[in-house]
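Per Swiss-Prot, Zn(2+) 1 binding site is recorded for HIS58, HIS60, LYS152, ASP270. Taken from Swiss-Prot, the feature Zn(2+) 2 binding site covers LYS152, HIS186, HIS209. The N6-carboxylysine feature in Swiss-Prot is assigned to LYS152; the stated evidence is experimental evidence. Per Swiss-Prot, site 'Transition state stabilizer' is recorded for ARG154, and the stated evidence type is similarity to another entry.
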Amino acid sequence: MDYDLLIKNGQTVNGMPVEIAIKEKKIAAVAATISGSAKETIHLEPGTYVSAGWIDDHVHCFEKMALYYDYPDEIGVKKGVTTVIDAGTTGAENIHEFYDLAQQAKTNVFGLVNISKWGIVAQDELADLSKVQASLVKKAIQELPDFVVGIKARMSRTVIGDNGITPLELAKQIQQENQEIPLMVHIGSAPPHLDEILALMEKGDVLTHCFNGKENGILDQATDKIKDFAWQAYNKGVVFDIGHGTDSFNFHVAETALREGMKAASISTDIYIRNRENGPVYDLATTMEKLRVVGYDWPEIIEKVTKAPAENFHLTQKGTLEIGKDADLTIFTIQAEEKTLTDSNGLTRVAKEQIRPIKTIIGGQIYDN
């Protein structure tokens, strides 16, 4: 068989030998060894890992925004990330402009449409409910079916003004009117209170910033235990997503949750230019290292940046190393080296291992990291 690209001598994160062949931008073969010729062959060094391309399901990468912005390839292909999902930076009135720009990126870019029609042009996009127009959201979803993979509602004090839980009620209505499209909900300081938010969320809805260190988070700061209503949401199938961000990941909360048996379903950064350049986020790999230091193992960490986000946002051609899927791969090493990691609240932990992307393959095209 003649392939476009053959990757030799790789191993999965579980340590199993793997070789991958690519033809016409799709995975054509996956096996311990593959024979056959290819236009290009990559021979990996011993101890090099290959996974499905990493997916970051919470980023902000519409470069024309002033508040939260970045450039898809700076947080994507250059960092070992093959696919990013912009989490509601734009709304129905400006998502088409974002779409046009996103098509120029090497990185695969998808978007969640903010239920507020201009997105995050200011911090309080849900303070004026006249900006939430279901018909406009529906139009955006219908006009950009290969780009819009969900909707976003930011449910915290600085965003909602005096509107309480109402914006989330509107978001749930919009979701129901659009074939139960995925919904991501941002949480932060009250109001609204987290128990009100979680009561409205259903199985498959994505709760981002799940391990924030705020009083309105999942941890009861008086008892140092996970709140009962957070467990109820977790057990009914609400998707707990990291969404690290500048203010929204706390080591102690994540460690306490793990001790009690609660794990994030997906790992994401909430990255934008300032927390990329100045920290504490930097990139997806650093966020993955933080979950390793909390106590997650590498195979589950990789699953939480590949298969899990692909399933949550219905990216059916991505997320696994299977024949016929898109030829998006991340090639990386895991080195035994110490590194101090800092969360959003200034807490530090010393990682014993560093994960480093060395090549990113998107649609069969190779990019060095």
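Glycine is no exception: its Cβ is also placed from the backbone N, Cα and C atoms.
Positions of the features from Swiss-Prot, shown on the structure.
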residue: HIS58; record: Zn(2+) 1 binding site; DSSP class: strand
residue: LYS152; record: Zn(2+) 1 binding site; DSSP class: strand
residue: HIS186; record: Zn(2+) 2 binding site; DSSP class: strand
residue: HIS209; record: Zn(2+) 2 binding site; DSSP class: coil
residue: ASP270; record: Zn(2+) 1 binding site; DSSP class: coil
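Cβ proximity to the Zn(2+) 1 site centre (mean Cβ of HIS58, HIS60, LYS152, ASP270, cutoff 8 Å) flags the following additional same-chain residues: VAL59, TYR68, ILE85, ASP86, ALA87, GLY88, THR89, LEU112, MET184, HIS186, THR208, GLY243, GLY245, SER268. Most buried of the binding-site residues LYS152, HIS186, judged by other Cβ atoms within 10 Å, is LYS152. In this structure the alpha carbons, written CA, of HIS209 (Zn(2+) 2 binding site) and HIS58 (Zn(2+) 1 binding site) are 10 Å apart. For the recorded Zn(2+) 2 site, residues LYS152, HIS186, HIS209 set the reference point as the centre of their Cβ atoms, and the other residues of that chain within 8 Å of it by Cβ are HIS58, ALA87, GLY88, ALA153, ARG154, MET155, MET184, VAL185, ILE187, THR208, GLY243, ASP270.
Taking Cβ-Cβ distances under 8 Å and a sequence gap of 6 or more within the same chain, the neighbours of HIS58 (Zn(2+) 1 binding site) are ILE85, ALA87, MET184, THR208, ASP241, ILE242, GLY243, SER268, THR269, ASP270. Checking each of the recorded positions HIS60, LYS152, ARG154 against HIS186 (Zn(2+) 2 binding site) by C-alpha distance, the shortest gap belongs to ARG154. Cα-Cα distance from HIS60 (Zn(2+) 1 binding site) to ARG154 (site 'Transition state stabilizer'): 13 Å (rounded to the nearest whole number).
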